[in-house]
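> Take a look at what Swiss-Prot says about it:
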type	residues	note
ACT_SITE	H114	active site, proton acceptor
BINDING	A20, R32, Q96, I98, D99, H114, T181, S182, N205, V223	NAD(+) binding site
BINDING	I98, D99	nicotinamide binding site
DOMAIN	1-229	domain 'Deacetylase sirtuin-type'
Amino acid sequence: MNKLNEALKKAERIVFLTGAGVSVPSGIPDYRSKNGLYAGMSSPEYMLSHTCLVREPEKFYQFVTENMYYPNAVPNVIHKKMAEIETEKDVTIITQNIDGLHEKAGSKKVVNFHGSLYHCYCQNCGMTVTAKDYLKSDIHTDCGGVIRPDVVLYEEAISESAIDQSLTAIRKADLIVIVGTSFRVSPFCNLTDYRNKKARIFAVNKERISLPYPFEMMESDAVKVFEEI
């Protein structure tokens with residue numbers, strides 16, 4: 001049994017902090033790797049910015065619908081094992097991912113730190129719109145307003161409720177497991193600063209991450225690690 005398995009068995013309150021590497025095995029590309037979403041693209045950050053949404057809504061809509069949605073993607077073993085652990089322990093998942101796969105796997109306590117592509121709303125009247133309808137048109141049939149997905153774009157702030165929920169879970173956790181993220185994007189990477197100092201921290205990632213305090217690094221493929229849990 002590896003150290004992570006042992007820690008998961010002993011822990012009562014667990015927080016998983018997940019990034020793009022968790023969804024890559026489900027066929028959803030990450031952003032910055034050589035095969036990632038941004039590879040070979042000019043100004044992808046602009047296309048996913050608040051400025052683009054406001055100034056060029058058609059361009060924004062085309063980019064998002066053609067590059068961000070993977071409706072046929074299914075949860076992989078990482079998502080499934082996390083959901084399974086939640087049936088026995090107090091688990092909160094705080095994810096940078098916007099693909100809804102943790103919920104699809106059956107996880108109930110998920111904080112979508114950067115929002116979700118599957119929550120959409122009209123910017124004019126505020127009405128919630130299904131992602132299915134958004135994928136057909138970004139114009140709200142009821143009022144003519146422009147629909148957007150409820151995700152955090154460049155130039156936008158993380159929602160206060162996402163930060164509050166995350167900090168509450170982090171402070172209570174006796175085990176924090178960072179999975180599939182380089183853990184460099186702020187404020188996500190600052191969440192562990194608010195941990196209970198007795199909490200153990202593990203990181204499972206193909207590349208080593210750095211933290212300014214002790215943690216246990218598993219430089220490995222997360223799929224292999226979670227298959228053994």
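Even glycines carry a Cβ here, placed using N, Cα and C.
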> For each of the recorded positions (H114, T181, N205), count the other CB atoms lying within 10 A of its CB, then report the residue with the highest count.
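For the recorded positions H114, T181, N205, the Cβ with the most other Cβ atoms within 10 Å is T181.
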> Compare the Cα of I98 (nicotinamide binding site) against each of the recorded positions A20, H114, T181, N205 and report the nearest.
H114
> With H, G and I counted as helix, E and B as strand and the rest as coil, say where DSSP puts T181 (NAD(+) binding site).
coil
> Do any of A20, Q96, T181, N205 (binding-site residues) have a CA within 10 A of H114 (active site, proton acceptor), and if so which?
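If one measures from the Cα of H114 (active site, proton acceptor), the binding-site residues that come within 10 Å are Q96.
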